[in-house]
Amino acid sequence: MLLPWLILIPFIGGFLCWQTERFGVKVPRWIALITMGLTLALSLQLWLQGGYSLTQSAGIPQWQSEFDMPWIPRFGISIHLAIDGLSLLMVVLTGLLGVLAVLCSWKEIEKYQGFFHLNLMWILGGVIGVFLAIDMFLFFFFWEMMLVPMYFLIALWGHKASDGKTRITAATKFFIYTQASGLVMLIAILALVFVHYNATGVWTFNYEELLNTPMSSGVEYLLMLGFFIAFAVKMPVVPLHGWLPDAHSQAPTAGSVDLAGILLKTAAYGLLRFSLPLFPNASAEFAPIAMWLGVIGIFYGAWMAFAQTDIKRLIAYTSVSHMGFVLIAIYTGSQLAYQGAVIQMIAHGLSAAGLFILCGQLYERIHTRDMRMMGGLWSKMKWLPALSLFFAVATLGMPGTGNFVGEFMILFGSFQVVPVITVISTFGLVFASVYSLAMLHRAYFGKAKSQIASQELPGMSLRELFMILLLVVLLVLLGFYPQPILDTSHSAIGNIQQWFVNSVTTTRP
């Protein structure tokens with residue numbers, strides 16, 4: 001019975017934030033913080049109940065906790081929520097980054113506090129819904145629902161980019177890309193339900209029943225592409241990434257933390273949970289193309305990151321590069337690579353959130369994100385440059401951080417399946433060190449390039465230090481002791497891999 005509350009608490013909290021703004025600007029902040037704290041506590045409570053590492057019978061999805069209530073029975077639509085090790089880890093990550101998103105916008109957001117927190121809470125509620133929904137209609141409902149508040153977050157509270165583009169442009173671009181891709185997925189979901197109805201005479205949107213839908217290989221390939229396009233836009237996969245750099249560079253800090261830390265993960269989760277098990281043969285056929293797209297993403301993201309002058313755009317392109325590794329892992333069919341992908345998703349969520357929070361703190365002090373205006377900042381403020389150095393080396397996959405474990409497991413698992421692609425993508429790690437260190441050098445070393453950068457700047461407050469040090473501790477912990485994550489995700493990931501590999505060997509009619 002905890003599952004519906006994981007989704008309801010952020011929605012109710014967001015509504016309260018909006019309505020209590022009249023009692024003072026601090027009230028919505030505290031309500032939002034308590035709301036996300038409660039959501040995180042509930043998800044940790046579910047984790048502590050355990051049972052996630054039990055072995056499962058292959059090919060049958062088994063959930064640790066489930067909630068099912070009829071919604072539109074005539075079409076077989078129900079409010080069907082379920083959690084296993086994979087979705088649990090994503091929900092915990094959402095809760096944690098939700099708390100940090102509220103904290104990092106404590107001083108940054110000054111206008112429409114209540115409405116800001118309404119949008120922030122509803123994005124997080126929608127994301128948790130995506131991770132828990134097992135009814136395809138409900139999944140699509142939450143998938144679309146998290147887009148509208150994100151649009152408002154960028155359009156109303158965004159910053160003007162250093163290249164002069166406006167926040168409205170960025171928000172509209174984000175909305176058009178994601179709406180168009182969502183429409184493609186809706187068509188694919190409806191077509192899948194219709195194919196199932198033709199075969200069985202039963203209308204259903206239930207994921208477990210749709211898993212065994214008999215269909216021809218041509219139909220399966222088309223439907224798989226519908227799902228893949230929707231997830232590829234959100235992930236983002238080159239060449240469908242056009243919305244990401246603009247959305248990141250114009251979004252407020254909380255928006256960037258949510259985008260990089262959580263929203264991109266919904267796409268990787270969608271591929272693992274829906275795309276592979278529903279269309280295993282088509283996915284296996286499409287795998288080489290998807291992996292090469294991942295390789296292109298790794299190099300394109302790295303080169304574009306190196307060329308940026310806006311520090312937030314640089315970090316946005318690093319996300320394109322890192323998610324390329326995850327895409328390669330998803331299509332290998334190797335359990336080791338899958339577990340690496342889960343660790344990489346969590347580590348990237350933490351390290352990207354850290355970098356964006358530090359960017360926000362830097363922007364509050366010098367009021368620019370243009371690295372051509374920085375330089376020489378290392379000696380001008382306490383803590384912030386040194387912590388930026390930590391997150392930069394975490395991003396390039398330094399041993400001892402979670403990013404290294406994730407990338408190593410992905411490359412190790414993929415090498416057995418696609419050695420050529422693995423060897424080529426390894427060079428992407430070299431480029432990662434180039435753009436990470438270039439960012440540090442341009443911003444913190446050398447001579448001060450403007451009046452702003454040459455004056456003494458205030459150090460970090462306790463709130464700012466707490467957020468960043470929490471992320472540092474978690475990343476190092478993940479780097480040295482990833483076992484709890486591996487144990488939790490093991491059976492869920494093993495199940496997806498079994499389904500994918502077994503179905504490929506015993507092809508459909």
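Each residue, glycine too, has its Cβ placed from N, Cα and C.
Feature annotation from Swiss-Prot assigns topological domain 'Cytoplasmic' to 22-29, 104-121, 195-221, 280-285, 335-339, 447-464. What Swiss-Prot lists as topological domain 'Periplasmic' is 51-82, 143-173, 243-258, 307-313, 361-382, 486-509. Taken from Swiss-Prot, the feature transmembrane segment applies to 1-21, 30-50, 83-103, 122-142, 222-242, 259-279, 286-306, 314-334, 340-360, 383-403, 404-424, 465-485 (among others).
Counting Cβ pairs under 8 Å that are 6 or more residues apart, the transmembrane segment (259-279) and the transmembrane segment (286-306) reach fewer than 3 and are not in contact. With a threshold of 8 Å between CB atoms, the same-chain residues lying at least 6 positions outside the topological domain 'Cytoplasmic' (195-221) that come near it are 61, 74-78, 80, 134-139, 189, 274, 277-279, 281-282, 285-286, 499, 507-509. Between the transmembrane segment (404-424) and the transmembrane segment (122-142), the number of CB pairs under 8 angstroms, six or more residues apart, is fewer than three, so the stretches are not in contact.
For the topological domain 'Cytoplasmic' (104-121), residue counts in helix, strand and coil come to 10 helix, 0 strand, 8 coil, using DSSP. In summary, the transmembrane segment (340-360) lies against the transmembrane segment (83-103): three or more C-beta pairs, each 6 or more positions apart in sequence, are under 8 Å. Counting same-chain residues at least six beyond the ends of the topological domain 'Periplasmic' (243-258), those with a Cβ under 8 angstroms from any Cβ of the stretch are 97-98, 100-102, 104-105, 108-109, 120, 123-124, 127, 150, 153-154, 157-162, 165-167, 169-171, 173-174, 176-178, 233, 236, 304, 310, 312-313, 315-317, 319-320, 352-353, 356-357, 359-360, 363, 369. With a cut-off of 8 Å between Cβ atoms, the residues of this chain six or more beyond the transmembrane segment (83-103) that come close are 3, 6, 10, 29, 32-33, 36-37, 39-44, 46-47, 52-53, 61-66, 117, 120, 124, 127-128, 131-132, 253-254, 257-258, 261-262, 265, 269, 272-273, 342, 345-346, 349, 353, 357, 463, 466-467, 470-471, 474, 485, 488-493, 495-496.
Note on the topological domain 'Periplasmic' (361-382): DSSP counts are 9 helix, 1 strand, 12 coil. For the topological domain 'Periplasmic' (51-82), the model's average pLDDT works out to 77.
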